[in-house]
Amino acid sequence: MNVLSSICYGGDYNPEQWPEEIWYEDAKLMQKAGVNLVSLGIFSWSKIEPSDGVFDFEWLDKVIDILYDHGVYINLGTATATTPAWFVKKYPDSLPIDESGVILSFGSRQHYCPNHPQLITHIKRLVRAIAERYKNHPALKMWHVNNEYACHVSKCFCENCAVAFRKWLKERYKTIDELNERWGTNFWGQRYNHWDEINPPRKAPTFINPSQELDYYRFMNDSILKLFLTEKEILREVTPDIPVSTNFMGSFKPLNYFQWAQHVDIVTWDSYPDPREGLPIQHAMMNDLMRSLRKGQPFILMEQVTSHVNWRDINVPKPPGVMRLWSYATIARGADGIMFFQWRQSRAGAEKFHGAMVPHFLNENNRIYREVTQLGQELKKLDCLVGSRIKAEVAIIFDWENWWAVELSSKPHNKLRYIPIVEAYYRELYKRNIAVDFVRPSDDLTKYKVVIAPMLYMVKEGEDENLRQFVANGGTLIVSFFSGIVDENDRVHLGGYPGPLRDILGIFVEEFVPYPETKVNKIYSNDGEYDCTTWADIIRLEGAEPLATFKGDWYAGLPAVTRNCYGKGEGIYVGTYPDSNYLGRLLEQVFAKHHINPILEVAENVEVQQRETDEWKYLIIINHNDYEVTLSLPEDKIYQNMIDGKCFRGGELRIQGVDVAVLREHDEAGKV
C-alpha cells in the first residue's frame, strides 16, 4: 500500500511547541525543502483534550489547513503516546510498576500500564474523536498510532497486569496441570494449584522460572499489541481507505515485529545509527529486517536524525553528506519514504539538543537545512522507485521468541547475545553485496537457495520439518552453535543436541564449552587456519563430514564445522564463533555452489542493491568511502542516472567519495 505516489519526505512536526506565526514560516520552508508529508499530533493528547471529555481541535484544524495549502500531506498521530496529567491525577493506578514494585511517575513519557481499563476507555474516545474530525480532510494520508510502543516501558508488573496475565495463561494452557507441565514447576517446588496463585515474574530471591519469564515476554507483547489493535479497529471503521501504522524500532527486543507487521498496512521504523561507528552495517541489517516483516513490501523510515541525537553519552554529528548517503542506503534496501525526527528543533524539553531539519538558528548558509533541501529536491526525481522490490536468494532466520529465550538467565554462557551472532553472518553478506531477506523458521523458504540460522536455540513444533523440507529439496541450511536446544516453553529437546535438527545436520553435540571473553582458539580447514572465540561444541559425527577442526584444548582435532548431505541439499553446522575471514570463505563456497553472485564487483565499502518493478531494474550504488571509486558496468547496457537525468553506456563509472548513483538499466534498444 503506497501512502503517496512519490517518495515520502518530511518529519515529525510539533506545532504546539510554537506560536502561530511560526506555522506559516514552517510551511514555506517545508515547501522549499521538498517536504510532502509530516507526522502530526503524536504527543498532543493534553492539547487536544485539555480536560476529561473536553476537546479542542481549532489549533489542529488551522495547522492542517496551512500545511495542505503548501502541498504537505499529513501522517496524523492518534496522540496516545503520552497520557495527560489530568488522566494520571484521576487514575493514579494507571502508572506502570516495575519488577521491584517501583511506580514510574508522570513527567517523562509513556507512563501508562497497557492493561489499565480506563486507559483503554479513554484511548477509544480520543481516537474516535480525532478520526471523525479529520476523516474527510484531503490532507490525511496515513495514521500514526501511538509512538514507539514499549520504548521505555516494555513490561508492567502491577495488579492489573497480574489479572490479565492469569487470563492470558488460562486461554493459552486451558488447565493448571498443563501449565505446570509446560513450565516444569516441579523444579524448586513451584507447582501451582489455582490460577490466582500465579503472579508476574517480579523481583525474586534468585533465578525466576525461565518458562514463566518467556511467557511474560509473550504476554506483554500481546498486551501492547492489543492497545494498537484497539485504535486500529476504530480507524479502520471510520477511515477504511487510510493506511494505519505505528513506528517500529528495528531489532527492538520486547516486541515481536513479525507478529505486529501482520496488523499494520505499511511498516515504518526509526533508525539512529551512531556516526562514530563508521560503516552503518547494523542500519542496513535493520532495513532488510523491516522490509522482510511484510514479505518484501516497501517500508518508510519514519525517524532518523539530520545530524546528532541527544541521548548518547557523546552525541557526535553526522559529517557533511552522510545524512544524504545513509538516506539513499535506506532507499536501496526497500524504503519508499525518508522522514526525520523532527522538523523544527525544540526550544525546551528533553530533546532540545536533538538534531532536526530546521535547527535552532537558520540562515541561508546553514549546512543542515541545505542538505535537507538538496535531498528533498533529489527525491522528487525518484517517483519511479515507489513500489519496487528487492529479490533475494539468501535468507537469515530471525525469531523474536528465540531471542527472548536464548537471553534468559541460567545458560552455559550468560553473556551470549543474539543480535551480534546474527550480525556476524549478515556482515559477510553486506560486504559482498548479496541481497538477503529475514524469515521466521516457519515461513515459506522455497524461493531461497541458502538459509542461515544463527543460534536457533528454540525450535518449535513443525519448524524442524519446514527446515528439513527446505534442505531435502536442494537448499543449503547453515546452523550456528547452541541451536535446536529447547521447545517453545524453554524445555530441552531430549535425545541429544541439536534436538530435532540432528538428522538434517548429521551430528550429535555431546558437550558445550563456553569460552571466557579473552580466550581465542584456532580452527583448521583445508584452506588455512582461523581464529575462533566465544564457544566450542564437542561434536560427534553421525554421517556428516568435517569442514574444519579445532586446533587447541582437550578437544583438538574434533570437528568444529561440519557438512551433511540430506536429500538434494546439505546442512552445515558451525560449532563455534569463527572469525570473519572463515565465515566469509565458508559463505563464498556455498554461494558459488548455488551460483549466487554479487550484483556488481565493487571496491570495499561500496554498497550496491537492486530494486525492480515489472518493467525496470534500478541499481543504487553508495560509496561510503571519502574518496572516489571506479566500478565497471556491463557494456551491453544503457543506464540513466535518475538524479541528473543523464544516459550513458555501461563501462567505467566513477563515483565521488560520500556520494551515490541511482541508475535505471536499459538494454541496447532502451528497454529492460
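Every residue, even glycine, has its Cβ placed from backbone N, Cα and C.
As given in Swiss-Prot:
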- E148: active site, proton donor (ACT_SITE)
- E303: active site, nucleophile (ACT_SITE)
- R109, N147, W311, E351, K352, F353, H354: substrate binding site (BINDING)
- C113, C156, C158, C161: Zn(2+) binding site (BINDING)
Using an 8 Å cut-off from the Cβ centroid of C113, C156, C158, C161, can you name the remaining same-chain residues around the Zn(2+) site, in sequence order? P96, I97, P114, N115, H116, F157, E159, N160, A162
Please name the residue among the binding-site residues C156, C158 whose C-beta has the most neighbouring C-beta atoms within 10 angstroms. C156
From the recorded positions E148, W311, F353, pick the residue whose C-alpha lies nearest to the C-alpha of C158 (Zn(2+) binding site). E148
Look up the residue listed as 'active site, nucleophile' in the DSSP assignment and reduce it to helix, strand or coil. strand
Based on DSSP, name the secondary structure state of E351 (substrate binding site): helix, strand or coil. coil
Of the binding-site residues listed here (R109, F353, H354), which is spatially closest to C161 (Zn(2+) binding site) when Cα positions are compared? R109
How many Å separate the two farthest-apart Cα atoms among the substrate-binding residues R109, N147, W311, E351, K352, F353, H354? 20
Fill in the CA-CA distance, E303 (active site, nucleophile) to K352 (substrate binding site), as an integer in Å. 16
Looking only at W311, F353, which of these binding-site residues has the biggest number of Cβ atoms within 10 Å around its Cβ? F353
So, three-state DSSP: helix, strand or coil for E148 (active site, proton donor)? coil
Give me the CA-CA distance between F353 (substrate binding site) and the residue listed as 'active site, proton donor', in Å, as a whole number. 20
